[in-house]
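Here's the structure, in structure tokens; my notes come after.
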DNA sequence: TTAGGGTTAG
């Protein structure tokens, strides 16, 4: 026979997860006079927390006169899972001083998860020291929470030491360490550990795949997912699906994304809200905004992320009216917008020139919703003002806002000065920015571009010199396209040998046809002091053109061409895409580093509200072979232009003799599937290595 | 009577 208190605890436990049931049970226990009778307070705190009623749990804790280790343990666990893990610190202080209780193994493991959430290695180490000196120092559950804590704080090696000290290791601690290596970018070790793990379950697969996606190894993550399916691992929950759908969004892998949509349907997870949200984002990032919308409309329960994902998607696709109409629906539906929603909304206004609406939203975010604007909001708003020609107002906002402007903020203002041909303001801001000696490499690219547009080649040289001195490198431009089951990656200036003939013939035909329609190359985005014909050649081989040409040659007639590019599209490519869509009667969608461009019948969805100098434009990558490199040294050719990531590829155009040979050699070498690295300063070539792509 | 691992938006 159970005691009345134990009966009450069992009843309380049974209510967990249902707010009404917990409250009812609390009332009943109060009536029976058992409210302060241990272990009821601890059980109620747990039940409240499991019903997502942390304030009620905290209130109950405050009301409880005699607090034992159980109620502390329950509350600390609740807080460690909540949105505010930092609340654990005062509770812990109270436990140690006011109630003079010693933390037991339950408390230590909960506190370890709090420090993991807070990413505080310093506090975590203190806790670890305390644990070692405590009577519980052999407890494996505490050890597994310490492994996780070290991994989340960026020290998987420390986690490994604790892991190795364990006598018996269960799947929880294996998973924690696999996840730790993977999410700290140590994929080799993660895989090795995973392969040696006994009894790999869905949790471990999910942890590994998630870690890889979070460190940018989406391709590897997808491969593992395929292996997992082949191994026949049962998918009992939606975690892994939403992660892999997210990976296909990152990769803009449309075919894969659609297959995953099918898998989600077959496995019965289509009604899962998180899977639905991931699908909306995937379709949007794969350039198919209409399918994104279809998934959105089919979702039964929508949270703020569902609404925001859709708003942001519409905004990035240049569909400002749809984004704003969604916002109205969202408010009517009673969903509360957050700071991300407003980023999307102001962005939408900015790219449609809706100054009044944007101003109103910026104010309502602060006044109606009490959201303090972040730098990102100021940048979006400033972008809106400056794009629409309110340059002085934008400059004033920049000086009065409570943040230091970053590269994106300067970029927004400088692009607008360029657009409105306010050279004086442009140079004034640039000179000021150069004086500040920015740390971010992209700021130097921005400055260089601005000076180049204004023909100030001496300042361009000065910026380039700064960059070389600081070993700042520019990211190389590339584009990719999905062709059947494979991806095809194109670098600027490099035409793969197997399709070279077809692509070159196609592009030359296009140029002839475009010229008939009045096309004149706009070389303003080639940021080097080159001859005009040389600049045109740079443009001709920009990576998105190669990718689009490849797509048009290889895809079935009438299908949509979807290309992804890592940098921004340049002015001339933008014009060319419009013309190609008109000439070939095909839809072309280009996702660049900031937004989507839908080209159809000679027009683009962005309505020309897109220009931005900040991300840097594409440059031709010069890759050279051994013979050319020694020629370069012998003839003392000098290199100019931006340099690419250290130790990988040095891109530049050449001056002096032999440019043509160099171009031939580089194209040849690239076509063989290799890459070459030239390392050295701008004025001297030091060494060369080469490798396979 | 209280503890440890994996999801979606900028």
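Using the three backbone atoms N, Cα and C, a Cβ is placed for every residue, glycine included.
In TrEMBL, the feature transmembrane segment is placed on A:202-226, out of the ranges A:177-201, A:202-226, A:277-301. Check TrEMBL against the ranges A:118-137, A:138-157, A:238-257 and you find transmembrane segment recorded for A:238-257. Across the range of the domain 'DYW' (A:518-610), the DSSP-based residue counts are 38 helix, 16 strand, 39 coil. Residue counts for the repeat 'PPR' (A:170-204) under DSSP (helix as H, G, I; strand as E, B; rest coil) come to 25 helix, 0 strand, 10 coil. Mean per-residue pLDDT, taken over the repeat 'PPR' (A:139-169), amounts to 95. Remark: secondary structure over the repeat 'PPR' (A:303-337) totals 26 helix, 0 strand, 9 coil, with classes taken from DSSP.
Here the transmembrane segment (A:202-226) has Cβ contacts under 8 Å with residues 171, 174-176, 178-185, 187, 190-191, 194, 233-237, 239-240, 243-244, 246-248, 250-251, 253, 256 of the same chain, all six or more residues outside its ends. Residues 202, 205-206, 209-210, 213, 218-219, 221-222, 225, 228, 263-264, 267, 269, 272, 274-275, 277-279, 281-288, 480, 482, 484-485, 487, 562, 564, 591 of the same chain lie 6 or more positions beyond the ends of the transmembrane segment (A:238-257) yet place their CB under 8 Å from a CB of it.
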